[in-house]
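What follows is one structure encoded as structure tokens, with my remarks underneath.
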Amino acid sequence: MSEQKVKLMEEEMNVYRVQGFTCANCAGKFEKNVKKIPGVQDAKVNFGASKIDVYGNASVEELEKAGAFENLKVSPEKLANQTIQRVKDDTKAHKEEKTPFYKKHSTLLFATLLIAFGYLSHFVNGEDNLVTSMLFVGSIVIGGYSLFKVGFQNLIRFDFDMKTLMTVAVIGATIIGKWAEASIVVILFAISEALERFSMDRSRQSIRSLMDIAPKEALVRRNGQEIIIHVDDIAVGDIMIVKPGEKIAMDGIIVNGLSAVNQAAITGESVPVSKAVDDEVFAGTLNEEGLIEVKITKYVEDTTITKIIHLVEEAQGERAPAQAFVDKFAKYYTPIIMVIAALVAVVPPLFFGGSWDTWVYQGLAVLVVGCPCALVISTPISIVSAIGNAAKKGVLVKGGVYLEKLGAIKTVAFDKTGTLTKGVPVVTDFEVLNDQVEEKELFSIITALEYRSQHPLASAIMKKAEQDNIPYSNVQVEEFTSITGRGIKGIVNGTTYYIGSPKLFKELNVSDFSLGFENNVKILQNQGKTAMIIGTEKTILGVIAVADEVRETSKNVIQKLHQLGIKQTIMLTGDNQGTANAIGTHVGVSDIQSELMPQDKLDYIKKMQSEYDNVAMIGDGVNDAPALAASTVGIAMGGAGTDTAIETADIALMGDDLSKLPFAVRLSRKTLNIIKANITFAIGIKIIALLLVIPGWLTLWIAILSDMGATILVALNSLRLMRVKDK
């Protein structure tokens, strides 16, 4: 498909919310029906998010007609050619109307009531009584109407799915006079579908709860007046006023005030973060302390929380490898069950003199056992639950495929700067070595000189001066010069001062540059610090060390990864060998690669993949973007603060720390284990039930209970992923 055609289709994409999906098969059928609508070029259902993307033109009425088999309700979320999508609260576009249980399942309740009266009549009047039979027939017709409606259509089209199996089984049971069991099959199948829908709704709740995090209105100052307006009407550049205890409604930058903001909704951090002027704040976070004024930087549809919701919903719709296997398996599984059921019903009576009633009954039971409900939902509920749980805890997983891949990772490569370290250099050591100069005076001279340099570590020295209230702007510097590869020099009050490496002072032949002093400098360098000497042509005045501080969590994270069985942890950095070794040894990585350019990091990741197959790379998503893209799973940090991180990586840690990484690994592994357990259990219980055919013990009761039991247990097992905690 040409790029122009793809772009045209994207421009014609309409997004609709869908209410009423009961199973993944129904979602697939709805997608097929929508594709047949004239004017529709393509359609893609996102079962996890309960949405459909329609490429082309189709009315809501046409879409609902395509979903009439399941009584689906459709509402537009984003229509083509609309630059801004505004959905107010009163549209209820994102929320299903809450219907009372008795109304939502009225037919099921009435059919169940008829069964109860049917069994009462059975005990009072007997099995062959007309009243008894009519009560069971009434239950079958009322409770199974929607089932038969779809089942007959599928049968005519030779489209074999679970509803086709159930329809044939119920009709067959009624033909051979098993009214009571046929009605039980109908009711229990309806209950199974209701439970399946409930399970999916529960797993979607984590994302729906994110939608309600950010306030729909905000206090904004316009033309000197403070007014409360809807977030859809707030423009970039508006000043929003947020009082203590209020949630922040929009993304922006603080222009006035100080506060502590709880960012748990976005980053998963439980500890409030201090915020001051020029700091960024996000919609959905809680202003805990001071009153702040925020300049809006993004429209409501572009806020970080909106992007998270959108990406998570897209991720829930992505089919994981396990889901692809299940879908492919189910495609052949259902027809095979139909054939097995036919053979069970026909072969024993024809060739072995068996009773037709007995073996037809056994064949019908095989159809019920063969219903792939549990198998079909084994993966989607797990993926939706896991991705939703991860999002609430500050880990954005962009698809089930990455969730599965992360679970198989045995090697993790870390970019050093901004990942294992904070990425911001700070002054760690400052020692005055000459009694003739005061500490503050010397630091003031150092700062005045560094202020004029282009050295990347100069910002750390200036920041230290500001923190300690050391003035430097009034220091007059003359004849400032950068000494390439050595340091800098300048004249202050008639004295020439030098700041630079030990090599510079060796060349100057400074008298008090001793071997012992040089060893002290090497000790600082071996600690991962950059040591700079300040002095004149005659004497050394002091030494200052600057370093990119290691994150407090880095060492603990590496230990947890090793405990999880990830033995190969590698640090990649452009730093020199000494600095790299100091930091790598401190955090406990198993291998250290230093003095690497971005291309070298990419080449190293490719080399590691050839050796270990599955390699995860974690960085900030900026200068290490090629390596992230080449890895099996690319993980970016600080996703809340940069669009680049979210777009580049397969997984984004929304908070600016590593502590969520072990949680993401544990969650992915648990997801894989639960999916495997679900598939094994769903298939295993059916095999056991089918084996009961051999001695003739399989009944419709056993068949429906095994199917329903498997569905319930698989759903409940999958929902456990919503409770995995970030330890």
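Glycine too: its Cβ is placed from the backbone N, Cα and C atoms.
From a predicted model like this one, the values you see are computed outputs, not experimental measurements.
Record features (Swiss-Prot):
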DOMAIN    12-75  domain 'HMA'
BINDING   C23, C26  Cd(2+) binding site
TRANSMEM  106-126  transmembrane segment
TRANSMEM  130-150  transmembrane segment
TRANSMEM  171-191  transmembrane segment
TRANSMEM  336-356  transmembrane segment
TRANSMEM  364-384  transmembrane segment
ACT_SITE  D415  active site, 4-aspartylphosphate intermediate
TRANSMEM  672-694  transmembrane segment
TRANSMEM  699-721  transmembrane segment
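The stretches the transmembrane segment (171-191) and the transmembrane segment (672-694) do not meet in space: the count of Cβ pairs below 8 angstroms, excluding pairs fewer than 6 apart in sequence, stays at fewer than three. For the domain 'HMA' (12-75), the mean pLDDT of the prediction comes to 82. If you take the Cα of D415 (active site, 4-aspartylphosphate intermediate) and the Cα of C26 (Cd(2+) binding site), they are about 45 angstrom apart, rounded to a whole number. The recorded positions in question are C26, D415, and the one with the fewest Cβ neighbours inside 10 Å is C26. Outside the transmembrane segment (106-126) by six or more residues, the chain places 132, 135-136, 138-140, 142-145, 179-180, 183-184, 186-187, 190-191, 194 with a CB less than 8 A from a CB of the stretch. Helix first, then strand, then coil: DSSP counts for the domain 'HMA' (12-75) stand at 22 helix, 23 strand, 19 coil.
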